[in-house]
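One structure below.
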Amino acid sequence: MSRAKFERKKPHVNIGTIGHVDHGKTTLTAAITMTLAAAGGSVGKKYDEIDSAPEEKARGITINTAHVEYETEKRHYAHVDCPGHADYVKNMITGAAQMDGAILVVSGADGPMPQTKEHILLAKQVGVPNVVVFLNKEDQVDDKELLELVELEVRETLDKYEFPGDEIPVVPGSALLALEALIENPKTQRGENKWVDKIYQLMDNVDSYIPTPQRETDKPFLLAVEDVLSITGRGTVATGRVERGALRISDNVEIVGLRPTQTAVVTGLEMFKKTLDETLAGDNVGVLLRGVQKKDIERGMVIAKPGTITPHTKFEAQVYVLTKEEGGRHSAFMIGYQPQFYVRTTDVTGKVVGFNHIQMRNPSSVAEEHSNKMAMPGDRISMTVELINPIAIEKGMRFAIREGGRTVGAGVVTNIVQ
């Protein structure tokens, strides 16, 4: 059996379901695949096929995530659903599954709950740009006014975390009743069942409200240097993977991080021992540079389009601290902790200079007392970090925290201080 070819006929968008435990994220994911399967746009997946999510490793952390794919008339989607709350936190912070938009699932019977708020906050901080709401379990709410109150509360919560609460589409429905109708008759089409129609209505909103993302190739060029070689008579070659953008021969570039920024000219590009005229996002390339010595470049610097990235030493970040079971620390750490911050291709020593907020793994009144003074394994924290050397950092960038070569945390930059 040969592999099916991935055909790029429609724009591709990455989305995911977020929301409080038991509000119906996985049921909705199953209902979407079954609905669109009836329209010929996906392979239907039942609840238990999605719920038994396989483990993945991202930045040294094990995460359970289920990936499904489906198509609407307009787009091709890759959809991620995580079974456990901790998996969401880890997924969003490590960027294991990047989301261009999210479907926030809120039970109409319960309204926004603590994890609803935490997921919205996380989505905001890790840069999920757009959200569409599915107000689930509509069949369990007898009073229409009650449902309207829940919708209002959801919109206010979104506003509070700086999403446009008034504009965001909110679609009421019942994922379970839609799923049951589709299991009974897998060929149910649009217009044949009230609950299945709500799923179509939700996907119409996802199609129209969540914009197609800008492709990595259209962004300004950036390559993280992995290795540096010197070719006698030709110059210096830096190798690495192109993170974004495109680069051509004779382009000017800046070499940023660890030392004062330098400029150079690209005189050649090589991949798989062949020369190229242009390199694109995702390529592993060797860039031949004129105007710099081998000693001037080292692993951990980046080569970028001039003026697009600057070196920094101090930033704020959202961090997930690994538990002992995940191979992390066995004990808490305080302000003043000095681990290595692994950014792109290198470790840089840094110091935790402040905790801004700690979402504890096991909140209790006693724990609240010392909450902003120490971080325990399993906590999610917002912290301020100061590095000993300036490196190219930008908002939304992911990193790992390491100690003696092992990963003890994962983070995402939420704000640059200096």
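Cβ coordinates are placed from backbone N, Cα and C, and glycine is handled just like the others.
The domain 'tr-type G' annotation in Swiss-Prot covers 10-214.
For 19-26, the entry in Swiss-Prot reads region 'G1'. Residues 47, 50-51, 66, 81, 83, 85, 104-107, 110, 112-116, 119, 134, 136-137, 175-176 of the same chain, all 6+ positions outside the region 'G1' (19-26), place their C-beta atoms under 8 angstroms from a C-beta of that stretch.
Mapped onto three states, the DSSP output places GLU138 (GTP binding site) in helix. Per Swiss-Prot, the feature GTP binding site maps to 19-26, 81-85, 136-139.
The feature Mg(2+) binding site is assigned by Swiss-Prot to THR26. Residue density at THR26 (Mg(2+) binding site): 22 other Cβ atoms are found within 10 A of its Cβ, drawing on all protein chains shown.
According to Swiss-Prot, the region 'G2' annotation covers 60-64.
If you look up Swiss-Prot, you'll see 81-84 marked as region 'G3', on the strength of similarity to another entry. Per-residue confidence over the region 'G3' (81-84) averages out at a pLDDT of 79.
Residues 23-24, 27-28, 105-109, 147, 172-177, 195, 198 of the same chain lie 6 or more positions beyond the ends of the region 'G4' (136-139) yet place their CB under 8 Å from a CB of it. Sequence annotations record features per position, and here Swiss-Prot assigns region 'G4' to 136-139 based on similarity to another entry.
Counting only same-chain residues at least 6 apart in sequence, those with a Cβ under 8 Å from the Cβ of ASP22 (GTP binding site) are SER107. If you take the Cα of GLY19 (GTP binding site) and the Cα of THR26 (Mg(2+) binding site), they are about 10 angstrom apart, rounded to a whole number. If you measure from the Cα atom of THR26 (Mg(2+) binding site) to that of HIS85 (GTP binding site), you get 12 Å.
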